[in-house]
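Taken verbatim from Swiss-Prot:
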type	residues	note
DOMAIN	4-57	domain 'ClpX-type ZB'
BINDING	C16, C19, C38, C41	Zn(2+) binding site
BINDING	P121, T122, G123, S124, G125, K126, T127, L128	ATP binding site
Amino acid sequence: MGDNKNNGDSGKLLYCSFCGKSQHEVRKLIAGPSVYVCDECVELCNDIIREEIKEISPKRDHDKLPTPHELRNHLDEYVIGQDKAKKVLAVAVYNHYKRLRNGTTKEGVELGKSNILLIGPTGSGKTLLAETLARSLNVPFAMADATTLTEAGYVGEDVENIIQKLLQKCDYDVEKAQRGIVYIDEIDKISRKSDNPSITRDVSGEGVQQALLKLIEGTVASVPPQGGRKHPQQEFLQVDTSKILFICGGAFAGLEKVIEQRAHTGTGIGFGAEVKGEQDKATISQILGQVEPEDLVKYGLIPEFIGRLPVVATLTELDESALIQILSQPKNALTKQYGALFEMENVELEFREDALKAIAKKAMSRKTGARGLRSIVEGILLDTMYDLPTVKGVVKAVIDESVVKGESDPILIYENNDTKAASGEQ
């Protein structure tokens with residue numbers, strides 16, 4: 001490198017003292033006392049420092065474990081209702097990470113792992129609760145669909161792929177992945193097809209439950225590293241799943257009838273009883289709250305699998321008032337999200353109270369819970385969002401009940417206080 005420096009001193013080509021590239025091969029060459037550094041080497045140094053900070057940060061976050069009250073308060077900011085489920089989750093998650101921090105007690109007692117089972121209708125907030133908890137704890141979060149899983153050796157997704165997803169979320173940092181949270185949705189769909197074991201293989205039902213057993217309880221899973229297929233000679237990553245918190249969720253349609261039959265608390269003849277009216281809907285939530293392991297066995301989950309999910313939380317079906325709150329109150333409420341999108345066009349978006357009620361009623365009629373709200377709002381605003389970037393002078397867009405019902409277009413207010421329906425401008 002001595003020659004390169006001499007060339008620079010004599011007014012000839014300058015070279016980076018670190019990588020040896022000439023001043024013509026880089027965008028910028030910074031001079032120091034008898035030394036030169038290029039912009040590429042500066043960026044590389046920044047990347048190295050950022051990686052080191054990333055490695056230190058999780059340990060600091062790990063030392064600050066939120067209390068159950070703090071976890072519950074964080075959930076309240078993003079999830080409406082489900083108070084009982086929030087409390088159960090907050091305590092279970094707090095105990096799980098407390099176990100990771102402390103290991104065994106002074107008396108040498110090993111603390112067992114408490115994975116969680118969430119039971120509740122579609123759109124009641126199961127996925128959002130799990131995702132929000134992971135975000136509040138600053139740990140990796142991965143989601144899997146139980147219906148896509150099959151036993152090893154069959155066409156479909158192996159259960160080990162769940163750990164692969166978790167590793168991808170934290171750039172294949174094994175230590176970080178081992179403190180993560182995995183949410184497995186549609187867990188009720190892998191229930192055994194009948195009470196009696198079948199002669200034929202049930203590769204997407206009981207077989208998947210068997211495959212998930214060790215993973216959920218705790219095992220050392222071998223996962224191919226990043227780009228493992230391209231570099232088969234690389235060693236597999238060893239991930240200890242005993243430190244990963246597994247949360248399983250499902251709607252468990254018809255489970256209330258199984259519980260009713262056991263407890264003899266139904267209004268009819270168990271499985272023959274029909275569910276009618278709002279009062280009976282509330283009763284279903286109460287019945288699900290009385291679920292016992294034997295009910296889940298009768299539903300089709302094998303006893304060993306239920307034993308790996310000792311913490312059970314039931315979620316209630318969201319009513320119209322809860323859906324209205326979901327639209328406007330949480331930190332990431334849909335009205336706030338779309339309001340932010342309109343704000344980027346320098347336009348204020350207003351949803352009137354009657355519009356929120358109409359959207360909630362439409363979601364109730366679709367029986368999709370909170371999950372259906374986004375598609376409804378997207379449909380209402382689609383034409384306006386399409387035209388808005390090309391329409392000049394709009395300062396405000398107003399959505400009322402008639403817009404939701406499709407009887408009129410959104411009201412656009414212009415700089416000169418002129419008011420027109422959205423379709424009136426092209």
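Using N, Cα and C of the backbone, Cβ positions are placed for all residues, glycine too.
Fair warning: this is a prediction, and the values are worked out from it, not measured in the lab.
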Exercise for the section: For each of the binding-site residues (T122, S124, T127), count the other CB atoms lying within 10 A of its CB, then report the residue with the highest count. Expected result: S124
Completion exercise
The predicted model's mean pLDDT over the domain 'ClpX-type ZB' (4-57) is 80
Practice task
For C19 (Zn(2+) binding site), write down the residues of its own chain that are at least 6 apart in sequence and whose Cβ falls under 8 Å from its Cβ; none is a fine answer.
Solution key: C38, E40, C41
Problem - Densest Cβ neighbourhood among P121, G123, G125 (binding-site residues), 10 Å radius - result: G125
Handout entry: Cβ-centroid neighbourhood (8 Å) of the ATP site, P121, T122, G123, S124, G125, K126, T127, L128 excluded
Key = G120, G249, L315, G369, A370, R371
Problem - Beyond the site residues C16, C19, C38, C41: chain residues whose C-beta lies within 8 Å of the centroid, for Zn(2+) - result: S17, F18, G20, K21, V26, L29, Y36, V37, D39, E40, V42
Exercise for the section: Under 8 Å Cβ to Cβ from C16 (Zn(2+) binding site), same chain, six or more residues apart: give me those in sequence order, or none if nothing qualifies. Expected result: S22, V26, L29, Y36, V37, C38, E40, C41
Fill in the blank from the handout: Around the Cβ of K126 (ATP binding site), other Cβ atoms found within 10 Å total 25
Fill in the blank from the handout: When the binding-site residues C38, C41 are compared by other Cβ atoms within 10 Å, fewest goes to C41
